[in-house]
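Each remark here refers to the structure printed beneath this line.
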Amino acid sequence: CKNLFNLGVITSNARLDYEQKPYYSFSVILEPTELNCSILIYIKLINMNDNPIIFNNKSLIYNVTENNLVPFYVGRIDLIDIDQLFISEYEYYLKNASSQISIDPITGSIILYEKLDREYHGSFIQYEILAIDTHNQGNNLTNQLILYINDLNDNGPMFEKDTYYLNIS
């Protein structure tokens, strides 16, 4: 049994994936069984940064009330990375720079720097964002950040004309 590894090669017929199963073990039994020689093989996989990151969709849609104070913390972009490596680092960016909003490149925090007005901006504002997995440069991701603007009753009623004429008979 001493020279087992000098005599054979162990191969896998399928791809081994850490996220599916991080450990494998099996016994190798030599024939003829009268030799009573067996060995337990234990394989511990190394987790690689091989899976794509995805956005947590709950972190991409926010409600903001118009006439917000500035600067205003909206929330934080959150990624899901099934690799779960301790070395995972991400960077976050707006695809088009804006003075109205920023995303902290390290934390993903979303900050508004201008007041929103539903009558001016409409019911929502949309921004394209980019997330980069810094340890896997090909693992970049884009998506839409949507801010829904909640309306306040901040404008009094207005007449459509300055003067109205009415004939009474």
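Using N, Cα and C of the backbone, Cβ positions are placed for all residues, glycine too.
Whatever TrEMBL says is automated annotation, not expert-curated.
The following features are taken from TrEMBL:
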type: DOMAIN; residues: 6-55; note: domain 'Cadherin'
type: DOMAIN; residues: 56-159; note: domain 'Cadherin'
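Residue counts for the domain 'Cadherin' (6-55) under DSSP (helix as H, G, I; strand as E, B; rest coil) come to 5 helix, 16 strand, 29 coil.
With DSSP states grouped into helix (H, G, I), strand (E, B) and coil, the domain 'Cadherin' (56-159) comes out at 7 helix, 45 strand, 52 coil.
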